[in-house]
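Colleague: First the structure, then my questions, so here it is.
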């Protein structure tokens, strides 16, 4: 099916929001201009809505295989489509881990059969993510690994991390890291700060993250490797990354919507839906994340979509697993709490969720360019809705944002020229 989207707005190559039509033919973007006419195309009048590149998320957890009670590739990618995401990168903390040919081939087969959006799987750095034996990077790259990570756990052995970075550099691949120094975690369930002290909980100190990042940055410099830091959460981490970039080290970084919108002061009680890793930090950390995003220290926004069951989250804040869902709330949360409040511009938000992650990892995505795959998201910037977890397409309903009123909701997502998800009657 060919589509002609009429009367929309988009961000042009100069970074300005302007009026446009957009023609999709044979699964690709055929033309982006005003006043397009075309035969043999279904005309969809978007009536002033934003026509954005499909959103790109480099940090997601789809749980399959092994964790299908939390999420499946089918439910997770449908939730991604509802959130406007057309390309997502799936972390390897599944069971089994994609750490060898057999496991990666099985994962790719599942993706091919079930995914509603483009899914790029990470390959594990170490076998079973155990930190002691390196995987066969060459084979995993051949089978389509997006990059290498042991996300969920930090690689504790510096010699292992250095060897991994050297091998990845030879393959022109990135090493991506969840950064925690295990000897400093302190069996924590929240940030070590006012909230942990008030509730008598073990806290995870900020330095647990920043010291690990500092170590890895020096290793990346020695290996001449692209090193990407997951979900930055502390002021110290931002400072270390900023200094590394100024020194010319190949380091990039991401931040989550929840760390941009919340800090520990916003946690109302010992509610497990506010438990994520890294935890919500202090006000100074939150301010540093915003500053880092604006000055280019932090390159992109990624959701760290981490679904869990209601039963798992009901165990209490100390025993419940870390993580919140992110796909279906990301854009409206960021638009309402950052753009509408003047913290960043709409143009910047689009870039942080599209071209910045795509360019960082060399993906042909994130821009509405003629000839590229038609991965597109239509967003109604005026529509206001209350976040209701019962309506999530993800199996995971674990969110701290239930009841929040937000504007800027995706209403249609197109992947490869096909409608992957559409809000009922949204464009009529």
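Including glycine, each Cβ sits where the backbone N, Cα and C put it.
These came from Swiss-Prot, pasted as-is:
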ACT_SITE  304  active site
BINDING   59, 61, 151, 304  Zn(2+) 1 binding site
BINDING   61, 62, 63, 93, 277, 308, 322, 323  substrate binding site
BINDING   151, 178, 231  Zn(2+) 2 binding site
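In the displayed structure, how are the listed features positioned relative to their neighbours?
Modeller: Taking Cβ-Cβ distances under 8 Å and a sequence separation of 6 or more, the neighbours of residue 304 (active site) in its chain are 59, 60, 61, 230, 231, 256, 276, 323, 326.
Non-local neighbourhood of residue 151 (Zn(2+) 1 binding site): 59, 91, 92, 93, 122, 176, 177, 178, 230, each in the same chain, at least six residues away, with C-beta under 8 Å from its C-beta. Secondary structure at residue 151 (Zn(2+) 1 binding site), as computed by DSSP, is coil.
When secondary structure is read from DSSP and collapsed to three states, residue 62 (substrate binding site) falls in the coil class. Listed in sequence order, 71, 72, 73, 76, 77, 88, 90, 94, 119 are the same-chain residues at least 6 apart in sequence whose CB falls under 8 Å from the CB of residue 62 (substrate binding site).
In the three-state DSSP scheme, residue 178 (Zn(2+) 2 binding site) falls into the coil class.
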Colleague: In the structure shown, which of the binding-site residues 59, 61, 63, 231, 308 has the fewest Cβ neighbours within 10 Å?
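Modeller: Relative to the other binding-site residues in 59, 61, 63, 231, 308, 231 has the fewest Cβ atoms within 10 Å.
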Colleague: In whole Å, could you give the widest CA to CA gap in the substrate site formed by 61, 62, 63, 93, 277, 308, 322, 323?
Modeller: 17
